[in-house]
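**Q** OK, Swiss-Prot features for this one:
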ACT_SITE  Glu26  active site, proton donor
ACT_SITE  Lys160  active site, nucleophile
BINDING   Lys87, Val107, Ser141, Ala142, Asp143  substrate binding site
BINDING   Asp139  Mn(2+) binding site
Amino acid sequence: MFHDLLEFNEEVLDAINDKNPIVALESTIISHGMPYPDNLTTAIEVENIIRRQGAIPATIAMHQGKIRVGLTQEVMEHLALQKEVIKASRRDISFVLSRKVTASTTVAATMFCAHMAKLPLFVTGGIGGVHQDVTMSFDISADLIELSNTPVTVVCSGAKSILDLPKTLEVLETFGVPVIGYATDEFPAFYSRSSGIPVPQRLNSAEEVANLMSIQQKLNMKNGIVVANPIPVSAELSDEEISPYIKQAHDEAKHMSGKSLTPFLLKRIAELTAGKSLEANIELIKNNAFLGAEIAIAYQKKLFSKKT
């Protein structure tokens, strides 16, 4: 039985009933992460990549008083086009549902909703983390708190490179969150494959990640797992290339804080790089969707083999 505030589309409900692998997806990338029409076309392509691999996509958002798990084309277009769509983290979920307004879900909110829907795997571009001026703003993403207490595996390209990556990893360590480098020994820096920061553990196949998820589930551990998957070589922007633009965007955003900061920085960096950072963002989320589908399939096989 599922909570009555959850509403599944037919494709996801069929997958649940047929015990097929499902990959949860966030919706903030549609409403706040990219400009139109790239946001909509990317969201559709990411879902199709997951389907082609043999899994089912479940993009999550809140609409008309329900947590929608799997979106219609109409709701996707609404998220992509409407300026009034709220960017909802965990703390906003109750308010959004009570007001019956439309909201996209951040990493934290998507993890919460995915866990409610009994979905163990979630794909995104990059997690939030500790902001660079943390000593002044104390701006630490709720994503890190959610990773510490919600058992959902998050496939990402590390944390967004606009953040303080060493401090972000320190917080994850303090919270007991495993950070796995997927076929890499260094923590990816979103637009770049390498940050120069070593990852605590490395795994090299979807089956190995699925086994880790299975062990965590057997131990009844309540935290999530970060699977850090580097951007493809062909799409990456070197640290030397992207860093000056990140610094300039930060300088321009000195008096900004809260939910509006990250969307502003991503948009401004895209402008400064003449769209190169947007192209990189699109390619890394597609790559993460491909890997996420592989892991979901391997994990479902593992679950099924235990019960036969």
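Every residue, even glycine, has its Cβ placed from backbone N, Cα and C.
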**Q** Among the binding-site residues Val107, Ala142, point out the residue whose Cβ has the most other Cβ atoms within 10 Å, with all shown protein chains included in the count.
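**A** The largest 10 Å Cβ neighbour count belongs to Val107.
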**Q** Out of Asp139, Asp143, which of these binding-site residues shows the lowest number of other CB atoms within 10 Å of its CB?
**A** Asp139
**Q** With an 8 Å cut-off on Cβ-Cβ distance and a minimum sequence separation of at least 6, pull the same-chain contacts of Ser141 (substrate binding site), or say none.
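**A** Once residues fewer than 6 apart are set aside, Ser141 (substrate binding site) is near Val107, Ala108, Ile127, Gly128, Gly129, Val130, His131, Leu163.
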**Q** Between Asp143 (substrate binding site) and the residue listed as 'active site, nucleophile', what is the CA-CA distance rounded to a whole number of Å?
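**A** The Cα atom of Asp143 (substrate binding site) is 12 Å away from the Cα atom of the residue listed as 'active site, nucleophile'.
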**Q** Compute the C-alpha separation of the residue listed as 'active site, nucleophile' from the residue listed as 'active site, proton donor', stating it in Å without decimals.
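**A** The Cα atom of the residue listed as 'active site, nucleophile' is 15 Å away from the Cα atom of the residue listed as 'active site, proton donor'.
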**Q** Compare the Cα of the residue listed as 'active site, proton donor' against each of the binding-site residues Lys87, Asp139, Ala142 and report the nearest.
**A** Lys87
**Q** Out of Lys87, Lys160, which has the highest number of nearby Cβ atoms, where nearby means within 10 Å of its Cβ, if these are the recorded positions?
**A** Lys160
**Q** Other than its own, how many Cβ atoms are within 10 Å of the Cβ belonging to the residue listed as 'active site, proton donor'?
**A** 28
**Q** For the substrate site as recorded (Lys87, Val107, Ser141, Ala142, Asp143), determine the largest distance between any two Cα atoms, in Å, rounded to the nearest integer.
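**A** Overall maximum Cα spacing for these binding residues reaches 13 Å.
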**Q** With an 8 Å cut-off on Cβ distance to the Lys87, Val107, Ser141, Ala142, Asp143 Cβ center, who else from the chain surrounds the substrate site?
**A** Ser89, Arg90, Thr106, Ala108, Ala109, Ile127, Gly128, Glu146
